[in-house]
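According to Swiss-Prot, the protein has these features:
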type     : residues    : note
DOMAIN   : 2-113       : domain 'Thioredoxin'
SITE     : Asp33       : site 'Deprotonates C-terminal active site Cys'
DISULFID : Cys39-Cys42 : disulfide bond
ACT_SITE : Cys39       : active site, nucleophile
SITE     : Gly40       : site 'Contributes to redox potential value'
SITE     : Pro41       : site 'Contributes to redox potential value'
ACT_SITE : Cys42       : active site, nucleophile
Amino acid sequence: MAEEGQVIGVHTVDAWNEHLQKGIDDKKLIVVDFTASWCGPCKFIASFYAELAKKMPTVTFLKVDVDELKSVATDWAVEAMPTFMFLKEGKIVDKVVGAKKDELQQTIAKHISSTSTA
């Protein structure tokens, strides 16, 4: 497992399921960056996404390469990159499509404030 404050690269379906289950068990907000190695905007926002992970250690930040995990991208209906999915207790609570720094940060903040701490 990665340390808090890091973006966790998910490379297998088993790892994906494990992280989802951990998020459900811990009642943590999970933000998933669906990305691709050939996607320019994905590269543009990657360092910003990593900065957010450092600033918000209570949130789990995952990164999924859609070419590496096609089945996961298909299951979650990802049609454009980057797509950021916000999950709580295994359900999608929000989504940001595109390299939109402000919208990404605001959406995370909105869902952190609505998460009750145990």
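Glycine too: its Cβ is placed from the backbone N, Cα and C atoms.
Remember, it's a predicted structure, so these values are computed and weren't measured experimentally.
Features per Swiss-Prot, on structure.
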residue : record                                         : CB count, 10 Å
Asp33   : site 'Deprotonates C-terminal active site Cys' : 26
Cys39   : disulfide bond                                 : 19
Gly40   : site 'Contributes to redox potential value'    : 9
Pro41   : site 'Contributes to redox potential value'    : 15
Cys42   : disulfide bond                                 : 21
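Separation of the C-alpha atoms of Pro41 (site 'Contributes to redox potential value') and Asp33 (site 'Deprotonates C-terminal active site Cys'): 12 Å, rounded to the nearest whole number. In this structure, the C-alpha atom of Cys42 (disulfide bond) lies 9 angstrom from that of Asp33 (site 'Deprotonates C-terminal active site Cys'). Here the Cα atom of Asp33 (site 'Deprotonates C-terminal active site Cys') is found 12 Å from that of Cys39 (disulfide bond). Classification of Cys39 (disulfide bond) by DSSP places it in coil, neither helical nor stranded. Asp33 (site 'Deprotonates C-terminal active site Cys') falls within a strand segment according to DSSP.
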